[in-house]
Every structure is written in structure tokens, then in C-alpha cells.
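S.K.: Dumping the structure here so I can ask a few things about it.
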Amino acid sequence: MAFMKTHLLPILGLFMAYYYYSAYEEFRPEMLQGKKVIVTGASKGIGREMAYHLAKMGAHVVVTARSKETLQKVVSHCLELGAASAHYIAGTMEDMTFAEQFVAQAGKLMGGLDMLILNHITNTSLNFFHDDIHHVRKSMEVNFLSYVVLTVAAMPMLKQSNGSIVIVSSVAGKVAYPMISAYSASKFALYGFFSSIRKEYLMSEVNVSITLCVLGLIDTDTAMKAVSGIIKMQAARKEECALEIIKGGVLRQEEVYYDRSLWTTLLLRNPSRKILEFLRSTSYSTDGLIN
């Protein structure tokens, strides 16, 4: 008991103070001026809005999605908004070779990379699971595995720039919901994998931040169509959501929560988990590992 009072409680107090107050660093749009940013899934919805915000802030932007025609319009508008440069590379994230080559091409177009924003998903609809293994496999490959491939391809450039990785995920990656089992599984995988390698980067002194964005229902056309007649709740605005994601990435926050309900943030931002992670991390030794 005496040890807890004299050692453990002060440490936990300092940890909690850091956890809650470090997020209040001021964001300034000029932080993005001249930065080199990739945005995937950028032909519509949150991805497109992020590209537009980045353009207004004077960033270099490379966007990707499947639709060449739509991406051309996005790039044209980015240039009108003031992007330092804007390019598109069309392709599907079902193709891991494309995913890897896309990052290399984007890096050449911009002359490097400061921020990798991963936002794409495969098409999904709300329904009960009916033994569709193909859909589960496709969801895991596009929504999860391609994120890993893109990250691996981008890491050499991000290490040079001390850059940032931003993962756009979902409340469905932290709380189980019916009728989206494959989608939810892929989002749980994202949260587990990128939370884990964030710890590894810290332990190995890799100065690349990872921001996991946990989103509720957002008013994108895709989401509204999927939940129509099934889920009755108000959606948050995609324009504001996109800006909060960018802010979180620039400020190198570990997690961003965005939902119309304050309860979502309060209940999911779990300080006890952070304390447990901190305590567990003290028991690791990397002396015997071969890099």
C-alpha cells in the first residue's frame, strides 16, 4: 500500500495529466503549408473533403480511388482551392501490387511524403452474415491488408520526414455491431495492428506518429445509403469530420474520436486501458531482438 501511495499513484497521475492535456495543442492551418500528403479513398465522402481541406492549407496532395473521372474533378478543385500541387493515381486497393506501386509513384510526384492518410474501404451493406467467406476475405484484404502494404511502402519516406500515418477507422472497430461483421472485423484488425506497431515505433525510436480515427455515423452518401431504413440516428457532418482527422494527424494524436454523441467519446476513450498498456510496456526488454 505504501508503494502505491509513494510511487504508483504519482506516476499514474502524471500519465493521466499528459493523456488529457496533451491533446490541447493548438492547430494552425499553416502547419500543412507545403506538406506532402497522400489521401486514399478520395473520390468522395470524407476522403474528398480531406483533400479539399489540405488544398486550402497549401499542401501537396496525391489522391487515389478507383474512378479516374471523379479523381480528375477532385484534383482540379484542389488546385482551385490553393493546393501547392495536386495529382491523382487511379486504381483498386484489391490489388496489393498497385497499392505498393502507388506509394512509390506518389512519392516521386511530390518529392517525398509527410503524411499518409488511409481512408479507403470496400463496398459493404448491412445484412446478417450468411457464410459469405468471399466477402470476409475481400473486406480484410481491402480494409486491412492494403493498409499494411501501403504503410510498409511509405515508411522509408516517412522516416526521413518524421512523418505521420493517419488511419480512418470506425466505432465498429472497437464495439461489436450486428449486420456488419466483415466490416467490423477489418476495423478491429486495424485498431489492433496499428496500436501495436505504434508501441514498436516508440520502443525502437522511430519518429513516425500513428493516429487512429474512430468515427461514428458520418453523413457520406455511401453511409447514408447503407443505413437507410435500418439505423435511425443523426449523422455527423463529413466536412467537419474531415478537418478533425487532419488536425489529429498534424498534432500527432494517438486517437481521434468523432461522433455526434459525446457519450461515444467519453465511453470509448478509456483511461484504464491506457494505464494497463503503460504498466505492461514496462515489462518488455528489446535487448534480445534482432532488427
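Glycine residues also receive a Cβ, built from the backbone N, Cα and C atoms like all the rest.
In case it helps, Swiss-Prot gives these features for our protein:
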TOPO_DOM  1-7  topological domain 'Cytoplasmic'
TRANSMEM  8-24  transmembrane segment
TOPO_DOM  25-291  topological domain 'Lumenal'
BINDING   41-67, 92-93, 119-121, 183-187, 218-222  NADP(+) binding site
CARBOHYD  ASN123  N-linked glycosylation site
CARBOHYD  ASN162  N-linked glycosylation site
BINDING   SER170  substrate binding site
ACT_SITE  TYR183  active site, proton acceptor
CARBOHYD  ASN207  N-linked glycosylation site
S.K.: In angstrom units, rounded to an integer, how far apart are the Cα atoms of TYR183 (active site, proton acceptor) and ALA65 (NADP(+) binding site)?
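M.R.: If we compare the Cα positions of TYR183 (active site, proton acceptor) and ALA65 (NADP(+) binding site), the gap is 19 Å.
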S.K.: Let's check the environment of ASN207 (N-linked glycosylation site): how many other CB atoms sit within 10 Å of its CB?
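M.R.: Its Cβ has 12 other Cβ atoms within 10 Å.
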S.K.: Find the one among the recorded positions GLY47, HIS53, ASN162, LYS187 whose C-alpha lies closest to that of SER170 (substrate binding site).
M.R.: LYS187
S.K.: Provide the number of Cβ atoms within 10 Å of the Cβ of ALA59 (NADP(+) binding site), excluding the reference atom itself.
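M.R.: Looking across every protein chain shown, the total is 28.
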S.K.: If you count other Cβ atoms within 10 Å of each one's Cβ, which of the recorded positions ASN123, ASN162, SER170 has the most?
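M.R.: It comes out as SER170.
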S.K.: Quick one: among the binding-site residues GLY41, GLY47, which has the most Cβ atoms sitting within 10 Å of its own Cβ?
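M.R.: The most densely surrounded of these binding-site residues is GLY47.
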S.K.: Cα-Cα separation of ASN162 (N-linked glycosylation site) and ALA59 (NADP(+) binding site), in Å?
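M.R.: Here the two Cα atoms are 17 Å apart.
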